[in-house]
């Protein structure tokens with residue numbers, strides 16, 4: 001037994017997760033009635049979601065309270081990369097929709113409990129209100145905009161505190177980080193359970209009716225991950241970006257794919273940034289911020305499904321309108337984390353550009369929920385892995401400028 005344990009300890013986490021995925025698929029196909037097994041996945045995701053707000057608050061307040069005057073954090077470049085990457089993803093989705101026009105079979109059931117925002121202004125109003133949320137409520141409800149804003153305020157206030165107080169804050173951040181390490185080490189079991197639940201509840205063939213839509217969505221996201229993002233990286237760093245890109249996809253995207261939660265993946269991303277050797281002053285802020293505004297995958301979902309609706313209803317569209325759609329989708333996607341239902345519930349905002357009624361737009365949302373098992377997984381994997389990628393290339397660019 002000890003030999004098996006020692007062998008398991010020596011195997012890398014990624015290989016363990018791969019083994020968990022294979023076992024989860026086999027159990028989902030061969031023994032779908034083991035419904036009690038799904039609780040392990042819920043516990044794993046619940047643990048990550050529970051610790052993530054505390055981790056963000058502890059790390060951000062600690063980083064800012066210890067920050068020396070004039071120290072570079074590269075946040076301006078990172079935010080520009082987040083916004084540009086989201087817009088580029090939206091533009092790629094428009095081009096994909098032109099090359100592979102989709103039509104949808106509507107009259108799908110719609111979740112009437114969810115209501116879409118009435119426009120981009122409402123999305124941003126919601127985000128601004130989240131900035132001034134009660135700090136305890138922000139932590140309890142995982143409102144990362146609120147957690148970030150209060151962590152920054154507390155960090156600034158703690159700059160004037162004694163060294164003993166700052167040391168206490170640093171210890172709290174280190175303890176929280178250690179708890180995260182323990183939870184992440186349970187990823188193989190948690191992901192095995194999540195894969196089992198997906199296969200046992202949905203089957204492997206349930207999405208065949210929407211195969212082309214899934215292919216377009218996933219293909220666009222893969223193109224952005226393997227072509228567009230590396231192109232952005234090489235323009236900034238002047239180095240081969242693929243070792244970093246593939247590492248981000250492997251160590252961040254893989255976990256995000258199965259948890260389907262950017263919030264749950266924040267601890268994973270922070271640990272990856274630490275392993276890469278990035279500055280904690282930077283990534284403790286950029287990673288939770290990226291989970292909120294870096295939404296390339298969401299922009300792709302909004303544009304692909306909106307243009308599918310446009311083609312379904314035979315509405316003509318010119319290039320300038322498509323460009324405007326990309327801007328609206330990018331801006332809306334940046335607020336996706338502040339909307340119940342995420343990117344899918346922002347589709348009516350984009351559809352309104354073409355005069356598509358809210359009732360019809362919500363039917364398109366219904367199609368999105370049907371393919372959500374795949375769409376949401378790929379979207380989260382792209383969004384979350386890009387947070388680490390853009391943080392890393394911004395820091396790389398800073399050190400190159402400094403050496404020059």
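Backbone N, Cα and C define each Cβ position, glycine as well.
Residues or ranges marked as transmembrane segment by Swiss-Prot: 17-37 (among others).
Sequence-distant contacts of the transmembrane segment (39-59), counting only residues of its own chain at least 6 positions beyond either end whose CB sits under 8 Å from a CB of the stretch, comprise 138-140, 142, 144, 147-148, 150-151, 154, 169, 172-173, 176-177, 179-180, 183-184, 186-187, 189-194, 196-197, 259, 261, 263-268, 270, 280, 284, 288. Taken from Swiss-Prot, the feature transmembrane segment covers 39-59 (among others), and the record attributes it to sequence analysis.
As annotated by Swiss-Prot, transmembrane segment applies to 75-95 (among others).
Note on the transmembrane segment (138-158): residues 49, 52-54, 56-57, 60-65, 67, 127, 130-132, 165-166, 169, 263, 266, 285, 288-289, 291-292, 337-338 of its chain, located 6 or more positions outside it, place their CB under 8 angstroms from a CB of the stretch. Here Swiss-Prot flags 138-158 (among others) as transmembrane segment.
The transmembrane segment feature in Swiss-Prot is assigned to 179-199 (among others).
Among the features that Swiss-Prot reports, transmembrane segment is placed at 212-232 (among others), with the record citing sequence analysis. Among residues of the same chain six or more beyond the transmembrane segment (212-232), those with a C-beta under 8 A of the stretch's C-beta atoms are 81, 84-85, 88-89, 92-93, 96-97, 100, 102, 104, 241-242, 245, 249, 253, 296-297, 300-301, 304, 308, 367, 371, 374-375, 378-379, 381-382, 385-386, 389-390, 393.
Feature annotation from Swiss-Prot assigns transmembrane segment to 287-307 (among others).
The transmembrane segment annotation in Swiss-Prot covers 313-333 (among others) and rests on sequence analysis.
Same-chain residues lying 6+ beyond the ends of the transmembrane segment (179-199) with a Cβ under 8 Å from its Cβ atoms: 13, 16-17, 19-21, 23-25, 27-29, 32, 34, 37-45, 47-48, 51, 55, 255, 258-259, 267-268, 270-271, 373.
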